[in-house]
Amino acid sequence: MWLLGLPWALALLVTAASSGPSAAPPDPASIFADLSAAELRAVRTFLMGRPELGLSPSQGGPLAKNSLFLVELLPPQKRRALRFLEHGGARPPREARAVIFFGAQAEPNVTELAVGPLPHPSSYRPLPFKGGRAVPFSARPMTRLEYELLHGALVAALAPLEPLLLEATGFGFQNCSERCLTFSDIAPRGLGPGERRSWLVIQRFVEGFFLHPAGLEVLLDHRDPEPRRWAVQRLWYNGRYFGSVRELAQSHARGELALARLPEPPARQLFSSYEPRGSFPSGTPTDVHGAKVCEPQGRRYRLRGNRLEYGGWSLAFRLRSSAGLQLFDVRFGGERVAYELSVQEAIAFYGGHSPAAMQTKYMDAGWAMGASSYELARGVDCPETATFLDAHHLLDADGPVRFPNALCVFELPTGVPLRRHFDSDFQGGFHFYAGLEGRALVLRTTSTVYNYDYIWDFLLYPNGVLEAKVHATGYIHATFYTPEGRRYGSRVHSHLLGNIHTHLVHYKVDLDVAGSPGNGDPLRVWGAPELGNPWGAGEGPGQRWDRDRPAPGLTPPLTCRRYHLAVTRRHENEPSSSSIYSQNDPWDPPVTFESFIRDNETIEDQDLVAWVTVGFLHVPHAEDIPNTATPGNAVGFFLRPFNFFSEDPSVASRAAVIVRPLDPPLCSRLHVQRWTPASPGPCVHPEPFTYNGT
């Protein structure tokens, strides 16, 4: 995606204070903490100084150069981490993962390196993929430099079409300062390995330009490292294919082209904008503040660096530039539940009549969805009471970049009791009422992968349940409307087709129940055999399970109908189910998840990983304008304890209420038991709304 004036330079991490000579020992969770800005800088300085690598700055210069693309934490090996966490062994060496584009050599490629030890790196070694797979140069993610060159090549190639574009849209490419055209690029970039041909959807650059296609789509080949050899190979305009720019321009000049004239966009209340318009028939007020989250007696969670504690929960977290949120050493009541729980990939497969729509198969790790963690708005993206954390990323940049307020942590009233019971005496009175308020702690970040916004949540409940959830919002990926396109979506505006697509999200769940890596027993999926009713013949079937040993359960949602769950043995050379290279080389990617599950390994009494897929089908509709709304567009799964505790662990919470009548059955005098203050006190956040966004 080329955006006018929008830098694509990014980078990552939750900032942690460095320890001085007299400082207390760092929290053990810090072995999983993302690299600080100083560490990112140190890695880059070290690698740039190695003459054998021949690295050039990321920005500027030619494409055929050696450059540092990405630096992020390389997590320690599990056995070393557990030896340190459980037995007080040596602290694992701290290392970085560095991705280098070697473009200035006879056989260009992408190489990954482990760099360390931090904070003062002095050596590096190759990081091979499983099976020794090499990463071809054509599989590399896009960079800001390539987008700049792509934009220049497109503007030059489409110069003969400027009269057509101005007549049809009122916008153009040539010598443009306002009323400009832009483009969205589609991936995969071709039809086979080694190709780098992108379909570009031409759009009017107005607010919400994703919903303003001009009717023109262009196939541009940009595989060659020399941009002067890039060329337009095909075009599609208003339902017709053309073999060259000249052919389309001549068709327009001869008056043979069915021109798709777009209406002038209004100066205010553009349909793709968030400007309020219209009114609700009820007349109830919307211009005053609604309900708010508050913490009347202060925070009930503790945040120390990247260590988060809440009730019985304790975990370490990080935000990877490549793929987003990752939890480590997840414990409840001091017992480890999972070694790792992390987002792996988000995929969207589209259908359509135009070439760009039918080609679109987005794999968002290839667009650095973890580094697309832009500022969260206080009071909108997270409650005013939330704790906000900055991130630092070093991605396609010549130094670390700070992303303010990229994550947030907050306690959320769920609006429903965690549990409750009214014990009726069936005579108009009651024996007792008891309830426990519903609360959850939320760790949140977002990924704005161009048009779509994903809201990533991990929720911790007081009863030992953990929920992983993702909401989809933002702009739909839309194409120009033609009558033939209605087979692949809905007409959501006059010239706009909302293309049907499927969202799939992949998670890694490395369960280590009660701290044991040999977790073959705790992970269980129960069948439901039908049994005759033992106390009433013919009265219907029952269900059972045969074992009652402690176990967490994975409860996939019903919205995803295929491949909910795969279980494999854990291997250090299978850290992720996808990679940043799969988007541009899906035909022969260096990481193939099928190889994880097709190797016929036994999983009995082994260290296991559960790979969970959730997703939903999205048929766009008019109500997706201006943006897809979060209700109905969220999926996830739960980790739930089954016979792991002797009772519901939330009985340790002092937020319960018990009411007992002192004079049953009259119930005129009541005894109310509470373990929290009688009144919550004032509950308003006094500070006005502020936002920076840079």
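For all residues, glycine too, the Cβ spot is worked out from N, Cα and C.
Just so you know, TrEMBL annotations are computer predictions that nobody has curated.
Noted in TrEMBL for the protein shown:
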- 1-19: signal peptide (SIGNAL)
- 39-123: domain 'Copper amine oxidase N2-terminal' (DOMAIN)
- 141-240: domain 'Copper amine oxidase N3-terminal' (DOMAIN)
- 292-516: domain 'Copper amine oxidase catalytic' (DOMAIN)
- Asp364: active site, proton acceptor (ACT_SITE)
- Tyr452: active site, schiff-base intermediate with substrate (ACT_SITE)
- Tyr452: 2',4',5'-topaquinone (MOD_RES)
- 562-650: domain 'Copper amine oxidase catalytic' (DOMAIN)
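Straight-line distance linking the Cα atoms of Asp364 (active site, proton acceptor) and Tyr452 (active site, schiff-base intermediate with substrate), rounded to a whole number, equals 10 Å. Taken residue by residue, the domain 'Copper amine oxidase N3-terminal' (141-240) breaks down under DSSP into 31 helix, 32 strand, 37 coil. The Cβ of Tyr452 (active site, schiff-base intermediate with substrate) lies under 8 Å from the Cβ of Ala348, Ala472, Thr473, Gly474, Tyr475, His477, Thr628, each of these being in the same chain and 6 or more residues away along the sequence. Look at the domain 'Copper amine oxidase N2-terminal' (39-123): DSSP puts its residues at 20 helix, 28 strand, 37 coil. According to DSSP, the domain 'Copper amine oxidase catalytic' (562-650) comprises 9 helix, 26 strand, 54 coil.
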